Amino acid sequence: MDNQQLQQAVEKRRTFAIISHPDAGKTTITEQMLLFGGVIRQAGTVKAKKSGNFATSDWMEIEKKRGISVTSSVMQFDFEGKRVNILDTPGHEDFSEDTYRTLMAVDAAVMVIDSAKGIEPQTKKLFKVVKKRGIPIFTFMNKLDRDGREPLDLIAELEELLDIEGVAMNWPIGMGKGLQGLYNRRQQRVELYRPADPDQRFLPLDPDSGDLIGDQPLKEESVFQQALADVELLDEAGNQFDLAKVQQGQQTPVYFGSALTNFGVETFLKSFLSMAPAPSEHLLQDGSELSATDEDFSGFVFKIQANMNPAHRDRIAFVRICSGEFTKGMNVTLARTGKVLRLNNATEFMSDEREQVSSAVAGDIVGLYDTGNFQIGDSIFGGKRTIEFEKLPQFTPELFMEVRAKNVMKQKSFHKGMQQLVQEGAVQLYKTYTTDEYILGAVGQLQFEVFQYRMLHEYNSEVTMKPIGSRIARWIDSEQLDQKMSSNRNLLVKDLAGQPLFLFENRFAENWFRDKYPDVKLTAKL
Ligand code: G4P
């Protein structure tokens, strides 16, 4: 690939994640998008995977049970001249630090909200991470075929709960059983929900009055009149669309629709892909920036998925390509160790099949078979120049476990496994402040299960774990620390760097502490 071809290839890429609370409709909308991209013949494929009916061949038991598969964690398809990569962010019990880290590997995010429920807790958590990165966020208010909340309320909630401006790109004409269509001011047309003639889905609007052109029965309906009035209100008092703000993640374009009935999804996909950025530059550890069209290959590991086959210890390291071209069998240098690795076995993520990757560029994700070389956050590069990306952030864990080796005679394998899995970023490790008992921290329960499984299967170390439960972790300056501040309700521990932190039982305990010690500064990570 010469430089011009590389530029053209990068320009086509759109890499994003879908964030949502479980049940908002992420799977359904993903499936519709894949259908538009022509990669699945029949809606239901992704869904079947989720419910565990899908025949995933050889993944570790936990993952099989939960129906997670590597092919559903990155999906690639072509749509209208663009090559789209969707990175999955698992919900529920599958939620883990990997979910957050995946958000470090995308250039934009789609936020799916259930229009009957509004913004829910997991959406809020994921949103915070995305917002911090300053990447564009596009919102889909789903389930318009059901009665939901007032559209104006939903838009206002974005600002109130997420502190982001919402700009309606289209507006519902009725909802639930009364749903008639979507009023699209920007494209000056109405999209009908159930058109009498499927070829007449769109009705033109008068650019001056904003009303329907011609003698349309819909004109007289009260839901249409209501939509007109709402749009007028939005024009006068709502946020005005501003592409620069969208690109910086300060404003989110909002689209209404129904993923299940495939209403408004295509309009949404086309519209946000036209605004979502192609891969551009990435920040390096030395503070400089690397362009996506730089001809030297580079990328970073944002997720490690273990373990395909218990007989081998292999796992897959997910690499986000940041520059250059990836080719099968190429040699790369691992920045952390300086070791040169030959990348023979790589997987790209196309539809349902795992296919051997031939060539990939910035924005694409490749899965590298790994026998223990990689850690999360590792940078790899193909040229002579050392390329090291800025460190991935650490996330504040919310769940904690005491952990011990079941067999005290097997301390060695316990410590080795523990050290390697912690280094790899599978879980976070803490110790009680004075007694040095091990405590694991995670953002999701699955991390503990994977840890326990891998300790047994990869390090032959059976561990026992005792839940401490959900806690709020807050770091404290060691100079301000007095061990007497600690109690059952705010357990004192230290992190790997020896920094002290309290694990508060709940918000109440944290507030009580803050009241009692107003001068003590407590901080969270991301
Ligand atoms: P998730 O991945 O975000 O967890 O959500 P998912 O797509 O699985 O959707 C959750 C439920 O909401 C599913 O119903 C799905 O059919 C439904 N749903 C998704 N989009 C829409 C929509 O636009 N309108 C309506 N009315 N429902 C929608 P379920 O009963 O849990 O699953 P299923 O067994 O019916 O598939």
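Using N, Cα and C of the backbone, Cβ positions are placed for all residues, glycine too.
When secondary structure is read from DSSP and collapsed to three states, Ser20 (GTP binding site) falls in the strand class. Residues or ranges marked as GTP binding site by TrEMBL: 20-27, 88-92, 142-145.
Residues or ranges marked as domain 'Tr-type G' in TrEMBL: 11-280.
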Site with most surrounding Cβ atoms, counting all protein chains shown within 10 Å, from the binding-site residues Lys26, His92: Lys26
For the domain 'Tr-type G' (11-280), would you mind checking the mean pLDDT of the predicted model? 87
Can you go through the binding-site residues Ser20, Thr89, His92 and pick out those with a C-beta less than 6 angstroms from ligand 1? Ser20
Cβ neighbour count (10 Å, all chains) around Asp23 (GTP binding site) is 14
What are the sequence-distant neighbours of Leu144 (GTP binding site), meaning same chain, six or more residues apart, C-beta distance under 8 angstroms? Ser115, Pro172, Met175, Leu179, Phe256, Gly257, Ser258, Phe263, Gly264
Within the chain of Ser20 (GTP binding site), which residues six or more apart in sequence place their C-beta under 8 angstroms from its C-beta? Lys26, Gly91, Met111, Val112, Ile113, Gln122, Thr123, Leu126
Ordered by sequence, the long-range same-chain Cβ contacts of Thr89 (GTP binding site) under 8 Å (at least 6 apart) are Ala17, Ile18, Ile19, Thr99, Thr102, Leu103, Leu126
